[in-house]
Each structure stands twice: as C-alpha cells, then as structure tokens.
Amino acid sequence: MTPEHLPTEQYEAQLAEKVVRLQSMMAPFSDLVPEVFRSPVSHYRMRAEFRIWHDGDDLYHIIFDQQTKSRIRVDSFPAASELINQLMTAMIAGVRNNPVLRHKLFQIDYLTTLSNQAVVSLLYHKKLDDEWRQEAEALRDALRAQNLNVHLIGRATKTKIALDQDYIDERLPVAGKEMIYRQVENSFTQPNAAMNIQMLEWALDVTKGSKGDLLELYCGNGNFSLALARNFDRVLATEIAKPSVAAAQYNITANHIDNVQIIRMAAEEFTQAMNGVREFNRLQGIDLKSYQFETIFVDPPRSGLDSETEKMVQAYPRILYISCNPETLCKNLETLSQTHKVERLALFDQFPYTHHMECGVLLTAK
C-alpha cells in the first residue's frame, strides 16, 4: 500500500486475516464467530493530517514512511473522503503562490463530514497577523466559490484564529433516525464515518430491550451515549476534554434528547465518586444513588481500562466494551471474564489495509 494507491483487490483477504486473528486472540474467552462489519474500500477516512514540504517554488503535501522515515509526496489520498481530496488540490493551488499564506506553513489538517462540510487548519512556525487573516479570508471565499463548504483555521504557538467557526456538524443515519454530531477541530472524532454508523447500530442492537440506566466512561462528543439514549431510561456519561464536553452538550440539544447528562470528569475520578472515596463539586445536583445502572459502556484509549476501572465495571450486570486495541481488551478480559461472559463479539474494519482492528464485546454477569 502507498498513500496514493490502495490495494482494493486485497480488501477481502485483509479482512479475512483480521477475522482469524481476532478469533485467535479471543479464544481463551469465547468461541463466538465475530460479527463482521466492512468498511468502504476507499474514501473512508473523514480526517487527515499532512506535513507541507517547500521545494523551491513548489509546495506539496507529504507523509513520512513509518519504517524508513523517508518523506513521500502525496497529491491524492484515496483513503480519505472525496472532499478531502478536492480540498488538497484546492489548498495547494491557493497557497503555493501566496507569500503570506505560504511562509512558514508546515502542516495542513483536514476534517470532513458525510454532510459535506469541512474544517481545514493551517499550522505555522510564525506569528499570525491581520495580513494573514485577510489573505486567509480571501482564500476561504475562493474555495467557497468552488462550492466547497469549508471553514479555515490558522494555528501557531499559543495562537488559534478561526475565521468563522472551529467546528462542523455531521449528520448520520442511525437505525432509522438522523443523529446530529458537532465535531470540533483538534478534538477526537471517529475517523471512518461509515464504520461509525455500523458501530452505533450494532451497539443499539445489543442493548435493545435494556432495563435501567446506562453509564458511559470516555464519551467524547456523545457519539455513543446519544445514539444509545433511546434504549435506556437515563444515561450518565463522563468526559475529561472541555471541547468534547461542550460539543456533547450541544449535541444533546440538537438531537432533542432529554435523558442524557454529561459530567466533566476523568474515569478514574468517577470511580472514586461511585465508591464514595471522595466528593466532587462537579457532581453537585447529581444524585448518583438515584441511578439504576444496569449497563456500563466503555470505549477506552488504546491503553485499555486501568485496574481500578476494571474492578468498577465488574459491578455492573452488563458491560459494553468498544476497543481500538484488541490486545488491551484481551488483557482486560483476563479480569472481566472472572465475573462476566462474552455474549456478542464484533469486528469493525475501521482502518482497512492496516494491522489495526476495532472490535466490540457485550459481556453479561455470570
């Protein structure tokens, strides 16, 4: 695979290899055959970041080879959305011969949606001034004249200039209902939107008929908690990053959801609060004891669950675990399988043609 060529003819083979690998890893805990969810074979990534290389009068996107660290010129990127590919060409054309926008530009980040909106961030090793803003506004207007629905942001050390806004609103069809998700530049969002829809629909399927309330740790912009709200009486979700919490609050309102509460708190802190180890001002007005948590949802970072959170989640009858790293999932399952058994197992091909796998498990108390 090269940045400008995807081996689409190998898609089925690489997916089959992942299925075998996941089954092998899960064998100590379950003999289930994974439910498999396929990605589009190209144009599946909704975000991409590129370094910018200055080569005489020329200017182009590059990435670095992970093994050799050599730079690779990238003029098109079929893994990314068609909108990103259009913008890559348009941005280079707009910046190449503009001294103000070009000078000390070292990176461009792209974030797009299925609803065809984009935020493009230009990163600089220089101070950004009014002249930069004027030139950036002219570029933005020129891009919009090409029917590109784009917002531009300039970034430098301790500086962020958003010409209009630093977010876009994604609209996803999820099990017959349109969900609106505000996505903020430089905050985590699911990279593969088509796969995200399938993950949300799978999570809805495995939790249908649920009783009681849902607790979610690491909720981000509310991606899962808002979609799952229809299956539960109430949802309480935690998130530590301020921009993600703000986006989640917006998304609650935008989707007319009235049974979800988001609190800004680390998973480890929430564990302490639930165990009565310490009190938090942030929980004032929230009666934790009034919740009947029957299901806990976790979508942890690549490092998986820490040992304290492992112990905490074992207290719940059902654990829904989405993992971006099956190795740490299996490490967590060494503990969780003492009290819970695997009821459902899914493989989501979030990153085709790479070693990475995303998977989901539903665990129920033995």
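Just so you know, glycine gets a Cβ as well, placed from its N, Cα and C.
As given in Swiss-Prot:
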- Gln190, Tyr218, Asn223, Glu239, Asp299: S-adenosyl-L-methionine binding site (BINDING)
- Cys324: active site, nucleophile (ACT_SITE)
- Glu358: active site, proton acceptor (ACT_SITE)
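Annotation note: Tyr218 (S-adenosyl-L-methionine binding site) sits in a coil segment as assigned by DSSP. Taking the Cα atom of each, Tyr218 (S-adenosyl-L-methionine binding site) and the residue listed as 'active site, nucleophile' are about 13 angstrom apart. The S-adenosyl-L-methionine site, placed at the center of the C-beta atoms of Gln190, Tyr218, Asn223, Glu239, Asp299, has further neighbours from the same chain whose C-beta lies within 8 angstroms: Phe188, Glu216, Cys219, Gly220, Asn221, Gly222, Phe224. Here the C-alpha separation of Asp299 (S-adenosyl-L-methionine binding site) and Glu358 (active site, proton acceptor) works out to 10 Å. Taking a C-beta cut-off of under 8 Å and a sequence gap of six or more, Glu358 (active site, proton acceptor) has these contacts in its own chain: Met195, Met199, Ile322, Ser323, Cys324, Leu347, Phe348, Asp349, Gln350, Phe351. Sequence-distant contacts (6 or more apart, same chain, Cβ under 8 Å) of Gln190 (S-adenosyl-L-methionine binding site) comprise Met46, Asn196, Met199, Asn223, Gln350. Among the binding-site residues Glu239, Asp299, the residue whose Cβ has the fewest other Cβ atoms within 10 Å is Asp299. Summarising the environment of Tyr218 (S-adenosyl-L-methionine binding site), the number of other Cβ atoms within 10 Å of its Cβ, over all protein chains shown, is 22. Counting every protein chain shown, the Cβ of Asn223 (S-adenosyl-L-methionine binding site) has 28 other Cβ atoms within 10 Å.
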